[in-house]
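Listed in TrEMBL:
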type     : residues                                                        : note
ACT_SITE : His254                                                          : active site, proton acceptor
BINDING  : Tyr24, Tyr129, Arg164, His254, Arg257                           : glyoxylate binding site
BINDING  : 77-79, Ser106, Gln127, Thr155, Lys230, Ser252, 275-279, 298-299 : FMN binding site
DOMAIN   : 1-349                                                           : domain 'FMN hydroxy acid dehydrogenase'
Amino acid sequence: MEITNVTEYDAIAKQKLPKMVYDYYASGAEDQWTLQQNRNAFSRILFRPRILIDVTKIDMTTTVLGFKISMPIMIAPTAMQKMAHPEGEYATARAASAAGTIMTLSSWATSSVEEVASTGPGIRFFQLYVYKDRNVVAQLVRRAERAGFKAIALTVDTPRLGRREADIKNRFTLPPFLTLKNFEGLDLGKMDKADDSGLASYVAGQIDRSLSWKDVKWLQTITKLPILVKGVLTAEDARLSIQAGAAGIIVSNHGARQLDYVVKAAQGRVPVFVDGGIRRGTDVFKALALGASGIFIGRPVVFSLAAEGEAGVRKVLQMLREEFELTMALSGCRSLKEITRDHILTDWDIPRPQPGARL
């Protein structure tokens, strides 16, 4: 079967992967409402295309934290990629580099920062969870710096892991032949089996629940790398992120409406990015029209990796690129700066009648 869009990799991955692994990648927390809303949020945004504009040349290039990339589509941190394919993060790193875009490596990768750096040139960010042992954190950040990583994406929305019921049912744990490579020498690379989810138990034992704004400041004392705060959902926290010295914000979950609010609060002082629910080039355009500087994709990467290895990840990036370019052309936009809020209409733009008002 010829793959013609990103979502088709999901079904192939489901066939190929063990149930525990597929469910870990695919499922969300509890009723999976947020997972559905991430997709639905984009479907509720309509286009306002402009016509009779010469779109012979379309320029999708942009810069992120000063680094030039070929398109505003980047790879989000997704954990334990060697569960999807033996080459795991190596394949993803090579595919991102070939596409001229950024890969973010998860703290919980099954390849270390040094191993990913060894795959060749590329712009890479490192996603960081803050462990209770701050020496572990400092050591990780220093290793990422030495390995040539260009930014830290600090995950701030996981003081505890969400209740992922599929992982509980499956007694999820990292397969015995794999380790969390960044922690291998620190006796933190293995995940014990548990009565529910092995990952939830690991997080409960290791991740610092006391994480606060002062820790964003602390992180700046141990690294010169720019820090992206990942997991911002409100305008209030966007403003606090900027006050704390964040170089950028990643809106993670509830893709659209919250993105709108966070962008307004940031007022252009730092770039705002979004991840979650993006499956089409049209979604990329909508995110940029709402004010995002770029987007990150996660699940399409691991599903395509499971299906076709590095070639699958390359194809996902290429398909999204082509769809995004087509959307720009059909909307009358020749460069990213021409994509504006005027090119879309959202359901929250339409005034609702007040309760008790006459219709």
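All positions are counted from 1 along the displayed chain.
For all residues, glycine too, the Cβ spot is worked out from N, Cα and C.
Here the candidates are the binding-site residues Asp275, Gly277, Arg299, and by Cα distance the one nearest Tyr24 (glyoxylate binding site) turns out to be Arg299. For the domain 'FMN hydroxy acid dehydrogenase' (1-349), the model's average pLDDT works out to 84.
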